[in-house]
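One structure is given here, and the rest of the page talks about it.
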Amino acid sequence: MEENAPQQEVKLTFRNRRMHLSDKIVPVLLFLCAAVSVLTTIGIVYTLFSEAWSFFSHVNIADFLFGTRWSPLIEPKAFGILPLIGGTLLVTLIACLVAIPIGLASAIYLSEYAPDRVRKIVKPILEVLAGVPTIVYGYFALTFVTPIIREIFPSAGVFNALSAGIVVGIMIIPMVSSLSEDAMTAVPRSLRDGAYALGATRFEVALKIVVPAALSGIVSSGVLAFSRAIGETMIVSVAAGATPQLTLNPLDSIQTMTAYIVQVSLGDTPHGSIEYGTIFAVGMTLFIITFLLNILALWVARRFREEY
C-alpha cells in the first residue's frame, strides 16, 4: 500500500494539471467561437453600409426612400424603393393572416387539449415542416397553389402575391406554433387549476387564462414570424414574379426586396456600377427593417412578461 501511494499521488497530480489546463483552454475556445460570430456580423454590417454609402453618393437618399418607381436596370432609371417595400409587406401580411391564426390554434390544441401520444406525433411533423427547403415551397406555390388560385380568380396571373403569401404563411406556421406553445406551457398549472375550481371550461381556461398569461410570448412569436416572412427569398422569387409596383391587389405580380437581390446577383450586372450598388442599398434597408422587428420582439417579451 505504501509503494502504491507515490503512484496515486502522481496520477492525482497529472489529473489536476489536466483539469487545470482544460479550465484555461475551454473558456478561450468558447470566447473565440463567440468572437467569430460577432466579427462575422460586424463584417456583414460593414460591407452593407460601406457599399450602400457609395451608392448614396450617386442617388439621393430621399428619392430612394420615398420614390414610387423602381427601375434601376431599364431606362429611364428610377431608384424609389417603395414598390419593393410594398410588395414585401403585401406578401408578409398575407403570410401572417395564414400563419398566425393556424399557428396559434395549433399551439392552443397542443398545449391544452392534445394527449401526450398525439403531441409526440404532431410536434415532429411541425418540425419536419420547418425543415423543408424553401425552394420546394416555391415550386409548390407555383405548380399547386397558383393553378388553384387561377381557377378561383381567372384574373390572377401566373405570378402573384397571393400564392407566394399563402405558401410563406404555411412555411412559418411551425415557428408561430412552437414559440406560442412554449409560452403557454410555461404558464403555471396553478392558474389553470384555480380557473377549473371556479367552474371554467377547458376552452374558457385556454382563452381567458392561458392565452393572456402567455401573451408576451405569443406576440413575440408573431413579430418574429413577420420578420422571417419579410426575409424569405426563394418562395417569392419563384412564385411572386419580378414586377416592382405599388399595389394592394394580391392577384398582381409583384417583386420583393429579397427577390430583387436575387435577380441582380445573377452576374449580369457590372461590379461597381450604380445598378450593382442597389443590391447593398436594398440589403441595408432589409437589414434595418428585420433588425428593428427583432428588437421589437425582445421589447415585447420583456415588457409584458409575467413573473410567476
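A Cβ is built for glycine as well, from the same backbone N, Cα and C atoms used for every other residue.
According to TrEMBL, the feature domain 'ABC transmembrane type-1' maps to 85-297.
Among the features that TrEMBL reports, transmembrane segment is placed at 25-49 (among others). Residues of the same chain lying 6 or more positions beyond the ends of the transmembrane segment (25-49) and with a Cβ under 8 Å from any Cβ of it are 280, 283-284, 287.
Positions annotated as transmembrane segment by TrEMBL: 78-104 (among others). Taking Cβ pairs closer than 8 Å, the transmembrane segment (78-104) reaches residues 59, 63-72, 161-162, 164-166, 168-177, 180, 218, 221-222, 225-226, 229-230, 232, 236, 240, 244-248, 250, 254-258, 260, 278, 281-282, 285 in its own chain, all 6 or more past its ends.
The feature transmembrane segment is assigned by TrEMBL to 125-149 (among others). Outside the transmembrane segment (125-149) by six or more residues, the chain places 106, 156, 158-160, 162-164, 166-168, 170-171, 173-175, 177-178, 232-239, 251 with a CB less than 8 A from a CB of the stretch.
Taken from TrEMBL, the feature transmembrane segment covers 161-184 (among others).
Summarising the annotation, TrEMBL assigns transmembrane segment to 205-226 (among others).
Feature annotation from TrEMBL assigns transmembrane segment to 279-301 (among others).
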TODO: Go through the chain and flag residues at least 6 beyond the ends of the transmembrane segment (205-226) whose CB is under 8 A from any CB in it; none is fine as an answer.
DONE: 92, 95-96, 99-100, 103-104, 107-108, 111-113, 172, 175-176, 178-180, 182-184, 186-187, 191-192, 195-196, 293-294, 296-298, 300-306
